[in-house]
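What Swiss-Prot lists as ATP binding site is 36, 37, 38, 39, 40, 41, 42, 43. The annotation domain 'UvrD-like helicase ATP-binding' is assigned in Swiss-Prot to 15-480 on the grounds of sequence analysis. Residues or ranges marked as domain 'UvrD-like helicase C-terminal' by Swiss-Prot: 497-791.
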């Protein structure tokens, strides 16, 4: 049935839908592909289409199959549909059809394709001859089982020692191991199972190596790509020749160029390159120098001389790419090697087939399935042996009135085959509705095949007369005009079918549709010129991180967010900002930069989990328990905070027996040495006993219980919770425990297997990801990868890391894989022990390079289209010469030349190369896209502000003002006038506790806790009971709904007053009341306190303090530090002599410390209320208050005296009483 326009209802004037959206909702009668650009409302359209099929066409919801990409999107889709059905039912309560839908929605097939396949298998398991009580394998189980399968298969082939297998191992294994060989087998496994017929795909891999016609096709493909570079080289050489021809005394240069012109003319004549000429060509070792004589003869033409030489250098680099990448060997050699490689490739394919079969058997024996089994078993149910739809498939065809597929660009060929089995009709009369955007296809690493979308996009038409119907949703309801028009301009000159795999034409571009006001927010393209190592101690990446922090500050201080619903502005907050990068490689630098600037920052990284200190500690423990003969992990455990062996102690142990193979042997030998330090021997005895205890425990208990025992025995959770970032550290430790629980629920058991599982994850670079401890509404700046940002939107997007090179590492592998073309293997001469490129490896390497750049372009598109208000692009260069080079990228018609795009090294080359051209006044017309951008229409007119910043200019040293916060981290930068004191303070506050703490005692206590403990002990209370309470009690943050709507409690007002006092400026000209109000307003602007806090701040009490003598004494002090944290050893503070006494690490926070004439004072603020009993004098009240805080103040004073090695005085300041001096 054809789509008839009359079948689509007339669109009323008052509906919100665009014409294209309206058509997408109501069109039917054939397969429909909706190309939905970013922000075009595709989800809303999909939901509305489902609803209208139910309401208008009386289709039951359970007769629609809706396929989404994730379980989360499936749940959201189902919820939206259910809500709309309920709304319709309330409006028409007597409608029986709607009443039925409210029941049937619970059986509706709105799910991922994997979920649909699983349901299919559960209903038709008899066709597969499998046990119906199967379960889904865990990640750990699947990884280990595949590894074990590869072990078994390779072992079988090692036993056979087939000559071709020997050649493969010689080529793909190293002298030490066969890791690379195994990795290639795994890659081939995953590539093959992404096809409907894995064995058939594998069997075809050797065909190009055998069949001459396929080799000729590969030669033509290489020729076409090489010709692009050779012609570009010819143009560069011609430009060089033209410039040198205008000059004097350059005969030698012209002679060289003339020789090269003869060569390249001969190489590119005809349609086929002369490969013999190219392979045999040799350049002059050095181009004739442009000496002073030439410069004198061409006075005033220095720039032209340099430009002529640059064109020649560019020509040479282009020819060298062709020579090295495409024709390092002549055509005859390339084809001859293919014949010799054929049996080797066939044997490799056979190994992978053996792995697939054996892996299937292993899974069957355990009665488990993985996600690829879901797809292949479903396909087995839906197809006959000849590939035609089965009887079961026919029943599903009859059942489903329509199949709707979201994110169609991310499907693979197996999924495409499944859909084709259950859809009805052909494309011209089918019932398949597909929504997606190929410009956002960024999952090639998961075997997503964007060519499926592209093929349909090119085949379907907007009229739908010949095949399927194509509808373009191009209107964007997310972003401001500046974001859209700049994105359009960039991609119109960067993306086409040659590089990008799709033409960015009028249908593909974005059109402004959001109801923003007319305030201009141009895209910022920021180029950061690095400071040299002479001018900065920071690396380029660290400089960029600091630069990004400055952009965030600028947004917070100057930008507003427009609410499209109300038409009002609000101030920008941290949660409005996201930093997007290609990967998490810059995460650590950004975390440090934001931490240094006290800006809340969160990165939910999928990388770096195994690098976290707390995780490394536990893994060292597990590896040591499994095998203590691993020196790195054993010593790491000994040096850890748990056992605290010093470097001196480790050296002392090693010196006794320096020739031992393992450090564990050295420990044993030291313990029996007559001259050994008895104290160290005792310490080692306790350590060895611990190891043996845990080894015995691990023999009978699962891994997660071993981890739990380690946590409890040594208070690991409590210790790491007390450090900076304690929430995240605690979550990471629990995350590792949970992974161990999941592992034990698989068919694998034991410590060794768990460690192997972890090692495999690390080798695959497949992290768990740091545990997420931040909610969606938390006011923090977020960093995420472009992949994880897909589908999200943010008012402000900082797209950084643009200068990071594209990852082309896979292109250098000895085996190149391509889903469409197959396998390209280098030729390895076993006798010469040398590898050479083969015809297939050269061709597939070139194809993969092109596809890689295309996917990187799509990633750029996704990043740019996340922004609502403003987009900030950040790239980094060594010097401004690089920027000039980018501006001068060659232009071919309306695009950056193909050769420039294929050789681009990073996104910044492309982005800056396009957007900077129209703003470069000196650029010749042949390097521009247009002479005047004002002639462009609004949809493609770039609105971009280009800023070039030198790091030296934007990185001013932090100036310490009287009213700034002094923290431990800033002590290095503060000039106290007493360097010895400063060094001692820093060393003591950063001190690593060297002695083993009794593991049954808390590892860390606050001064307040010690105060309670000592008060309790003085009352003869049992210590263990107090410790149990202190460790076990939960400390929860007060929920926001309580703090926002209820009157503040006394402790909250106390915290608020401390925050105000922490930032209070001290100056000899006292603050006035108006200035105090202005200061509080600044704290609200900086979000240090809530806006409604003003009414709870006791202004009069603070003014009383400001007008008092203590304020003036502090204002006149030599140095002032506020909110100074400390972590010290209780032994040092209390003067204890034995490490076996009840000791802990003490932590606390001193409100203020100041120094006057060499004397240090501390001040502790108190907001306590007190009862003045009748007849009590001020002196009596003061004594009562001092007695109440005597223990706490004693610890503060002793702590500071321990650190500073000098007497310290202190004050208690009560806002409701006044100043009390601490007694000696």
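In case you wondered, yes, glycine gets a Cβ from its N, Cα and C as well.
Positions of the features from Swiss-Prot, shown on the structure.
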| residue | record | Cβ within 10 Å |
| --- | --- | --- |
| 36 | ATP binding site | 27 |
| 37 | ATP binding site | 24 |
| 38 | ATP binding site | 24 |
| 39 | ATP binding site | 22 |
| 40 | ATP binding site | 27 |
| 41 | ATP binding site | 22 |
| 42 | ATP binding site | 21 |
| 43 | ATP binding site | 17 |
Check: same-chain CB within 8 A of ATP site center, minus 36, 37, 38, 39, 40, 41, 42, 43
45, 437, 473, 476, 477
Under a three-state DSSP reduction, the secondary structure at residue 39 (ATP binding site) is coil
Whole-number mean of pLDDT values that fall within the domain 'UvrD-like helicase C-terminal' (497-791):
89
